[in-house]
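Q: Not my notes, these are from TrEMBL:
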DOMAIN    26-279  domain 'Glycosyl hydrolase family 36 N-terminal'
BINDING   193, 359, 360, 436, 469, 470, 471, 472, 473, 519, 541  substrate binding site
ACT_SITE  471  active site, nucleophile
ACT_SITE  541  active site, proton donor
DOMAIN    643-712  domain 'Glycosyl hydrolase family 36 C-terminal'
């Protein structure tokens, strides 16, 4: 191609490399993203692209075809007719942009984003590349961070309007990666309420494919994640290029294969029903995209896990062991009083529970789901006194105290709705839709944000609360805000998320040591944006141990065990009716943050003794189970078996779990091979001694199942030299 490079811009981490080339006429192209290379001139990647027919020449330069190039951050229509990363409407109605390279700079200090969560750490390299539209003067800055130790990159984009006229953004992706091949398979996480995070994998085809949310939250049906993998990729090997979005609202993640088998990968705010007006001198920040190169899905997961632990979750909870919870919801639902709560808490204290969580039903006149959301005044009649009196009684048992809230919602039958019906999300002169008998509060309104901050601050200031469960039990319909002019209504969904982040930022700064577990009907808002404020998230409202296997496997692709809320619940299970043993339920729940959500008052003494033993053992192994490096292990029958190991990188302790779902007649279990051990290290495995090489190459013998839903665990300890 008639194209030469005038400048190369390279950013590296420990094992990865991102290289741009600026063409002679100022276009930013992506020369390479992948495994770290020896220093070399990569301009040939651009110049050696063969010419394709029937594509427009750019700048009237014969055979310089922008549509064939791997563009760094493409606009639309200026000869590139693929999906743009951004699009603007200018004062004259035109939608054509021509952004070209202006300058770039490196720094060791990262700039914060305006009202958005962002990753940060002490050791990083920060690159800003400035592009500008040569006709309007509108500029954008690609802000790229290389996290050295974590081997991860992030990017956000800042749009600035220095002109004297308004500019309307209608698309603003956080990241665009172009590749000169389509030899990939597409990985996504999809599902629904109660079956979140199921892995989808398929071959790329020509055209646009991907996943998105228009629900006002990242959603149960999809996660803000996309990966391109080589067709031979397994857990252990194969090229992986993965992207996530640190955002909790409407998003899109897509891969587009063009006519010449090139692939364009994007992630960012969903352009559907989105626009943002930039007045003169105003700017706009996109959410931060997280992207990495890995070899094998386990390595991808381990990089994401370390990144979230080190660079995203609140510092107060970095590597801090999470408490073992007892939540009363499935034990009582709305039907409780002081006596029943204290009896539950007392039984919990006896078996070793560390934090008792009072769930829905403690406030207003909340005897069912039809009333009182928004009225966050404790129901003293139901609680048998003040909330603090109940908390004091629970703390006297040696327990911390947690409380459920759903701040973003309001019931039609509530004092708050009677006082402020204008605060809900609704379109004027249309009947607003209820879900679960509740409306959504308009968090784009400053007065709503102020009210929520005041209410939550009062709760935490006047009560000894150690933990909050922050729920959101519906998605957003009727998207409209009474606080926005008609020409700004398509800003609503993003402004809602900015309002949510403002409330969370304020609360977490005022109360940095209160552990917040977010929830959205389960995993309906399990995303990096929420992790920035809430270091753990309820993984799914389906708490059945067997259903949770696939949900937790998918979640583990991206999110570390310490972020996943996982509880032992009743059998038969309340969601699917399945009967499983306490042993199996516990081993599955120990894949994440361990807790219980069942009626201890209905258990036998033998069952409570079993729970006490589970808790005692978990406390001894908590550091490994919550913060150990997790590896998903290969199994013989992937439709019927799950296995994973967790390795404490400080002590080398390894805990391995295997679950066999259905017992089958006349079958002989195979061996389970471990990963990432030291070849010459000797390990104690029950009453035998094995080398790391043996455990990895020969493996553990899986016991023959004696029933359905059969669970086995091994604790493997290194033998210290004497």
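Every residue gets a Cβ built from N, Cα and C, even glycine.
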Q: Other than its own, how many Cβ atoms are within 10 Å of the Cβ belonging to residue 471 (substrate binding site)?
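A: So the number of other Cβ atoms within 10 Å of residue 471 (substrate binding site) is 23.
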Q: Can you break down the domain 'Glycosyl hydrolase family 36 C-terminal' (643-712) into helix, strand and coil residue counts using DSSP?
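A: Counting residues per DSSP class in the domain 'Glycosyl hydrolase family 36 C-terminal' (643-712), I get 6 helix, 27 strand, 37 coil.
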Q: Please give the substrate site's span as the largest CA-CA distance among 193, 359, 360, 436, 469, 470, 471, 472, 473, 519, 541, to the nearest whole angstrom.
A: 20
Q: Looking only at DSSP and grouping its letters into three states, which state does residue 471 (substrate binding site) belong to?
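A: DSSP call for residue 471 (substrate binding site): coil, neither helix nor strand.
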Q: At a 10 A cut-off on CB-CB distances, which of the binding-site residues 193, 360, 469, 541 has the highest count?
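A: Of the binding-site residues 193, 360, 469, 541, the highest Cβ count within 10 Å belongs to 469.
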Q: I want to check the contact list for residue 473 (substrate binding site): same chain, sequence separation of six or more, C-beta distance under 8 angstroms. What comes out?
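A: Residues satisfying the criterion: 406, 409, 435, 436, 438, 520, 521.
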Q: Let me know the model's mean pLDDT on the domain 'Glycosyl hydrolase family 36 C-terminal' (643-712).
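A: Across the residues of the domain 'Glycosyl hydrolase family 36 C-terminal' (643-712) the model's pLDDT averages 96 on the 0 to 100 scale.
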Q: Determine, from DSSP, whether residue 193 (substrate binding site) sits in helix, strand or coil.
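A: Assignment for residue 193 (substrate binding site) reads coil.
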